[in-house]
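Asks: Quick paste of what TrEMBL says about this protein:
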TRANSMEM  92-111  transmembrane segment
DOMAIN    127-599  domain 'Glycoside hydrolase family 9'
ACT_SITE  His529  active site
ACT_SITE  Asp577  active site
ACT_SITE  Glu586  active site
Amino acid sequence: MHSANHWGGSLEIANTGDSTAEEYDRSRNLDWDRASVNHHQKQQQYNNYDQYSHRHNLDETQQSWLLGPPEKKKKKYVDLGCIVCSRKAFKYTIYGIIIAFLVIALPTIIAKSLPKHKTRPSPPDNYTIALHKALLFFNAQKSGKLPKNNEIPWRGDSGLQDGSKLTDVKGGLIGGYYDAGDNTKFHFPMSFAMTMLSWSVIEYEHKYRAIDEYDHIRDLIKWGTDYLLRTFNSTATKIDKIYSQVGGSLNNSRTPDDHYCWQRPEDMNYERPVQTANSGPDLAGEMAAALAAASIVFRDNTQYSRKLVKGAETLFAFARDFGKRTSYCRGNPYIEPFYNSTNYFDEFMWGSAWLYYATGNKTYISLATNPGLSKNSKAFFMIPDLSVLSWDNKLPAAMLLLTRMRIFLNPGYPYEEMLSSYHNVTSLTMCSYLQRYQVFNFTKGGLIQLNHGRGQPLQYVANAAFLASLFVDYMNASGVPGWNCGPRYISLDILRRFATSQMNYILGDNPLKMSYVVGYGNKFPRHVHHRGASIPSGKTKYSCTGGWKWRDTKNPNPHNITGAMVGGPDKFDKFKDARKNFSYTEPTLAGNAGLVAALVSLTSSGGYGVDKNAIFSAVPPLYPMSPPPPPPWKP
């Protein structure tokens with residue numbers, strides 16, 4: 001029989017009788033699962049028991065013997081695949097997970113999604129605080145067209161006509177730094193200041209980076225070296241003159257100049273003569289050192305670094321010209337009374353050491369270790385005054401710089417003998433700074449008298465603190481814990497304490513409890529001998545003599561020249577905060593460079609120690625390289 005199929009095709013139905021129906025019922029029973037079968041069997045058992053109990057009139061106790069104990073209620077389970085657990089346990093587990101999420105996970109997620117705030121770094125030490133301020137002094141001393149980010153609101157563009165009458169200098173001699181409280185640009189101490197700043201960066205770059213001053217100090221150095229490159233023909237290999245000063249004055253002059261007039265740099269309207277040096281081994285040697293040292297600072301700027309090296313080599317050739325060995329200031333009344341150079345062989349040693357580090361040219365290290373040079377510079381005479389670093393005497397710094405080479409490179413022959421002697425004298429210089437050896441007097445308040453009680457002592461103290469601190473870092477880096485002063489062994493911590501004690505004195509640990517760095521601490525000089533800081537800024541311009549009222553007033557300066565280290569106290573720890581007493585209250589460019597170097601050497605910011613290798617980046621291997629191994633033998 002066929003029946004229509006609405007989904008296509010046909011369905012065939014066959015009638016096979018009752019036997020087929022029974023078979024069908026049997027097959028249905030086979031399709032039950034175990035649970036269904038058990039249930040069906042148990043139902044039949046209950047029915048049988050019920051019939052039996054009715055036939056034999058069994059009481060409830062007897063029936064219980066046959067039926068057994070009542071069936072316990074089955075627990076319900078949840079099958080999770082690999083684990084089977086009770087439904088109640090599963091429920092409690094879910095509740096626990098939810099509660100844990102609300103209590104632990106949710107707050108964590110919320111906390112992490114909120115904006116993150118950096119943890120505050122530990123507060124900087126006092127040396128770092130003072131260092132930030134000391135660098136600002138150089139911003140305040142800038143001449144020329146100032147950058148917008150100069151950070152000294154009371155300073156403006158000045159000296160824009162400097163050197164404008166020179167025919168061989170494109171753009172004139174604009175820029176550079178004013179030296180002190182006057183408006184003169186002395187190139188000799190300015191060069192020394194740039195060398196010191198560069199030296200501090202080479203040794204302690206990591207510290208400047210740690211306090212976020214690295215870019216700042218590089219800008220300050222470049223402001224100076226850009227200007228120095230204008231003071232001679234830096235594109236030539238041979239020169240016959242250097243412009244040695246812009247502005248200045250004559251002693252006891254009654255005509256308008258940088259000393260007779262008391263005017264802000266922005267208001268200068270008097271003649272600013274340019275001084276020329278047709279010979280000058282001292283000036284040229286220091287300028288060469290400044291440019292060579294800066295070339296290492298700017299080694300990441302290849303083009304500028306090469307320009308600095310070329311200029312340094314040109315200057316040093318001028319310095320070494322035997323026919324031009326007269327001091328740059330000899331007989332010049334605009335320079336000699338103020339920055340007179342007493343020798344030039346120290347600049348030869350200083351400049352040649354820096355040029356060797358900048359170029360790797362062995363000619364320079366051969367000169368620096370030449371016995372004739374040490375003899376003429378009196379390096380081994382052990383004269384106390386020659387152990388005092390200043391803008392005029394570079395001898396102790398030059399010998400320490402060369403000692404560095406012996407400590408870290410150990411070049412051996414033919415340099416070892418002289419380098420060993422420099423190392424020995426440097427060690428004795430450090431001994432001379434210690435009060436127990438009584439080479440120099442100390443004030444009752446603890447300040448070393450490196451200039452024998454004369455005025456402006458702090459610049460020499462800051463330089464000595466830097467040299468001592470740097471010597472300690474060199475020795476520590478080489479794993480040497482001390483050195484000998486005669487028969488006595490001195491540990492490095494004693495010398496470090498000398499350096500810190502002198503800097504602490506400058507920063508306020510003195511009988512007057514006065515900081516000699518303007519802007520540091522609560523008590524500092526308010527009558528600084530400085531034209532720009534002592535005259536109110538604004539539209540009013542004061543004439544040459546019209547500014548005298550600001551010089552002579554007993555009122556404090558309207559502007560604090562932040563970071564300026566003044567001349568300092570006398571040998572009795574007394575200090576006169578008076579504008580006219582320049583030996584007490586006048587700051588200088590060279591003095592502040594030593595202050596910056598000492599502060600960065602002593603600060604703990606960025607960690608202690610020096611960068612041993614950066615200064616040697618241009619120095620070639622001192623020993624021949626090992627030859628490559630021979631090729632493998634082949635039959």
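The backbone N, Cα and C atoms fix where each Cβ goes, glycine too.
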Asks: Roughly how many angstrom lie between the C-alpha atoms of Glu586 (active site) and His529 (active site)?
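Replies: So the alpha carbons of Glu586 (active site) and His529 (active site) sit roughly 5 Å from each other.
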Asks: Which whole-number mean pLDDT does the model give the domain 'Glycoside hydrolase family 9' (127-599)?
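Replies: Across the residues of the domain 'Glycoside hydrolase family 9' (127-599) the model's pLDDT averages 97 on the 0 to 100 scale.
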Asks: Counting across all protein chains present, how many other Cβ atoms fall within 10 Å of the Cβ of His529 (active site)?
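Replies: Here the count is 25.
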Asks: Round to the nearest Å and give the CA-to-CA distance linking Asp577 (active site) with His529 (active site).
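Replies: If we compare the Cα positions of Asp577 (active site) and His529 (active site), the gap is 9 Å.
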Asks: Around Asp577 (active site), how many other CB atoms lie within 10 A of its CB?
Replies: 17
Asks: Within 10 angstroms of the C-beta of Glu586 (active site), what count of other C-beta atoms is obtained when all protein chains are considered?
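Replies: So the Cβ neighbour count for Glu586 (active site) comes to 21.
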